[in-house]
Amino acid sequence: MLHGGDYNPDQWLDRPDILADDIKLMKLAHTNTFSVGIFSWSALEPEEGVYTFEWLDDIFESIHRNGGRIILATPSGARPAWLSQKYPEVLRVNAERVKQLHGGRHNHCFTSYVYREKTKEINRMLAERYGSQHALLMWHVSNEYGGECHCDQCQHAFRDWLKKKYNHDIKSLNDAWWTPFWSHTFNDWSQIESPSPIGENAVHGLNLDWRRFVTDQTISFFQNEIVPLKEITPNIPITTNFMADTHDLIPFQGLDYSKFAKHLDVISWDAYPAWHNDWESTADLAMKVGFINDLYRSLKQQPFLLMESTPSAVNWHDFNKAKRPGMHLLSSVQMIAHGSDSILYFQWRKSRGSSEKFHGAVVGHDNCSENRVFKEVAKVGQTLEALSEVTGTIRPADVAILYDWENHWALQDAQGFGMKTKRYPQTLHEHYRAFWERDIPVDVITKEQDFSSYRLLIVPMLYLASEETIARLKAFAANGGTLVMTYISGIVNESDLTYLGGWPKDLQEMFGMEPVETDTLYPGDKNAVRYQNRSYELKDYATVLKLSTADPEGFYEDDFYADTTAVTSHPYKQGKTYYIGARLSSQFHRDFYGTLIKELAIQPALDVKHQPGVSVQVRQDEENDYIFIMNFTEKRQPVVLASAVKDMLTGETLAGEVTLEKYEARIAVKAKE
C-alpha cells in the first residue's frame with residue numbers, strides 16, 4: 001500500500017535543514033511514496049535551455065536511501081515565466097476571446113505546437129535522467145488536466161476535428177446540429193466558432209461536440225507528453241490525476257474520463273470530501289464517496305490510486321473544517337475498501353507562502369511530529385503496513401449503475417424539464433444508496449463497458465441514448481439481465497436531436513410501454529405513488545405512461561394522471577425490464593430494490609447486521625475476503641457477524657456482536673470456503 005504524497009522540495013532549496021527534516025519525518029509518519037516535481041518546471045529549467053537537475057538528483061537519492069519510492073511528475077501543469085514571455089502563443093484564450101496573462105496554473109493552450117514541443121523536451125530529459133533510478137515507481141503526467149482554450153489555433157483544430165467527424169460534409173454537420181433553428185446554418189467551415197457567451201451558445205449539438213473536442217484535444221496533449229516516457233521507460237506505469245467536486249463528489253465535468261481512462265495504466269484521483277459539513281450526515285457523504293470511488297475503480301475494472309487527499313482541512317472551501325479525531329483513518333480505510341491501493345496527500349509539507357499555505361499537510365508550519373494531525377497520519381501508515389496483502393485485490397459486483405459524461409453534458413444543456421432540478425448524478429446517488437446501505441457491491445460503469453457480467457443494470461435519466469447504446473441495453477435484457485430505467489431517458493440521440501415518432505421502438509419493445517408526457521413539478525407540489533400497498537412521496541418529475549404489454553406495478557395518487565401507472569415491469573425474452581416514471585423517495589428505492597435483490601438472490605458483501613450509517617465492504621482474491629467494517633455515525637454502534645473473521649490489525653478473532661466506536665473502522669480477513 002502506497003502512503004505519502006505531494007512533496008515540493010523545490011520550494012525549500014534554500015533550507016537544507018528543512019529537507020533533512022523531511023527525510024526524518026517521512027520515517028516517523030510511516031510513509032513510503034512521494035509524488036515529486038508536479039510544479040517544478042522553473043526549478044528544473046530556470047532559463048530556456050539551462051537545466052538544474054542537481055536538487056532533484058539529491059531528492060531521488062535521499063528518498064531511495066530512506067526506503068521510499070517516487071512518483072515523478074511531468075511539469076506541464078504550470079510553466080515558467082520565461083516560456084510565456086518568449087512564446088505568448090502558449091497562453092490560453094478564454095470563451096470571451098480574452099487572452100490570459102501569465103500566472104496561476106493549468107492555463108496553457110493544449111493545441112500550441114510550441115507548448116507541446118517544450119513539454120515533450122523536458123519530459124524526455126526527465127525520462128533519460130531518472131528512468132533507470134530504482135526509486136522511480138510511476139509517472140504522474142501533468143496535474144489535474146482541465147480547462148479549455150479558444151485561441152485561433154484551437155479554432156482551427158476544432159474545425160479540423162469537425163471535418164473529420166462529419167466526413168468533410170458541412171450539410172451533415174448542419175443536420176446534426178439542427179442549424180436552421182434561428183437561421184444558424186453554416187455554409188463554410190471557417191464560419192464555425194467554439195461556444196461563447198458573446199457568440200453562439202444555443203446550438204446544443206455545437207456545445208456537445210465542443211466538449212468532445214476538448215476531451216480529445218486534452219488526450220492528444222497527454223499522448224504527446226508520454227511519447228518520450230513510453231520510449232525510454234516502457235515498463236514504468238503512467239497515470240494522471242482525475243478530479244471530482246467536493247460537495248456531492250460529482251465527477252469532474254470538464255473532460256470525459258471514460259475516454260481518458262483508456263490511455264492510462266492506472267486510474268488515480270484527488271478526493272476532498274467536505275467531512276463534517278452542516279447540510280448532510282457523515283453517512284450520506286460517505287455514500288457519495290463510495291459512489292465516486294466505485295466509478296473510478298470501474299473505469300478500468302482494477303484498483304485505483306488515491307493521489308491526493310488532505311489529512312486535516314483544505315483551504316478552498318467556504319468553511320475549512322478540520323477532520324475530527326478518527327475521521328482521517330476512517331476516511332482512508334473507506335478509500336481502500338472501495339478499491340484504492342494508496343493513501344497519498346496534498347501536501348507533505350505546508351507551503352510558507354502563496355495560495356496554499358493554509359492547505360492541510362502532514363507537516364505543518366510548526367515542523368512538528370507531535371501534533372494530532374501528524375500522529376493520525378502515522379496511524380494510517382501503520383494500518384496500511386498491515387494491509388499489504390490487500391493490494392491488487394478486486395471487488396466483484398452483480399449490480400451496475402450506468403453513468404455517462406456525454407449524457408450529463410447534454411442534460412445540463414437542455415432547456416427543459418426543471419432547470420435546477422435535473423440533478424443527474426445526485427439521482428444516481430439515490431439508486432446507489434439502496435445497495436450501499438445493504439453492503440451490496442456496485443460497479444458504476446459507462447455505456448461503452450461490457451454489461452454481460454451483471455445481473456442487474458440500473459440506468460437512471462439516460463436522456464441521451466444513441467441507437468448503439470439502446471441496442472446494447474436491449475441485448476443485455478434479452479440475454480437474461482434485469483434492466484431498470486427511469487424518467488427522462490431515451491429522449492435524444494448522440495447529436496442531442498430528439499427521437500421523432502415517440503419513444504424509440506426498441507425501448508417500447510423492451511419495456512412494453514411508452515412515456516408520453518413528463519410533468520415537471522414545483523418544489524411545493526405534492527403527489528405520491530402507491531407501490532405494494534404503500535404510499536411514496538414523489539418530487540420534481542412525473543411521467544405519464546401508455547402501456548401496451550407492460551405490467552403496472554405502481555400508480556400515481558393525485559393530479560390529472562391519478563390512478564395511472566407510474567412504475568412498470570415487463571418480461572423481455574430471457575430477462576426483465578422495469579421503468580420508474582417518477583422521482584421517488586429513498587424509501588421507495590430501498591423497498592423497490594429490496595424486492596429485486598430477493599428475486600435475483602443478490603448477496604451482500606458479508607452476512608452482518610448493523611444500524612444505518614455503518615458500511616461493510618469487501619475486497620477479495622482467490623483465497624481470502626478482506627472485510628472493512630466502518631462506522632460513519634457519531635455514536636457507538638453494534639455490529640453482529642454471522643461468522644468469525646480475523647482482525648488484520650490485532651490478530652484477534654471477531655465473532656458475534658462487535659462494537660464500533662464513533663468513526664471507528666475494523667479490518668478483517670476470512671478465508672474463502
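Note that Cβ sites are derived from N, Cα and C of the backbone, with glycine treated the same way.
In sequence order, Gly77, His106, Asn241, Met243, Asp270 make up the list of same-chain residues 6 or more apart from Glu144 (active site, proton donor) whose Cβ falls under 8 Å from its Cβ. The active site, proton donor feature in Swiss-Prot is assigned to Glu144; the stated evidence is similarity to another entry.
According to Swiss-Prot, the feature active site, nucleophile maps to Glu308. In three-state terms derived from DSSP, Glu308 (active site, nucleophile) belongs to an extended strand segment. Neighbour count (other Cβ atoms within 10 Å of the Cβ, all protein chains): 22 for Glu308 (active site, nucleophile).
Under the three-state DSSP scheme, Asn143 (substrate binding site) falls in the coil class. Sequence annotations record features per position, and here Swiss-Prot assigns substrate binding site to Arg105, Asn143, Trp316, Glu356, Lys357, Phe358, His359.
According to its DSSP assignment, Cys151 (Zn(2+) binding site) is coil. Taken from Swiss-Prot, the feature Zn(2+) binding site covers Cys109, Cys149, Cys151, Cys154, and the record attributes it to similarity to another entry.
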Among the binding-site residues listed here, Arg105, Lys357, His359, which has the most company in the form of other Cβ atoms within 10 Å of its Cβ? His359
Which one is it, among the binding-site residues Arg105, Trp316, Phe358, that lies nearest to Cys149 (Zn(2+) binding site) by Cα separation? Arg105
Relative to the Cβ position of Phe358 (substrate binding site), how many further Cβ atoms are located within 10 Å? 15
Listed recorded positions are Arg105, Glu308, Trp316, Lys357, Phe358, His359; which of them have CA atoms within 10 A of the CA of Cys151 (Zn(2+) binding site)? none
Give me the sequence-ordered set of same-chain residues, not including Cys109, Cys149, Cys151, Cys154, with a C-beta within 8 angstroms of the centroid of the Zn(2+) site's C-beta atoms. Arg92, Val93, Phe110, Thr111, Ser112, Glu148, His150, Asp152, Gln153
Asn143 (substrate binding site) and Cys109 (Zn(2+) binding site), distance between Cα atoms, whole Å: 15
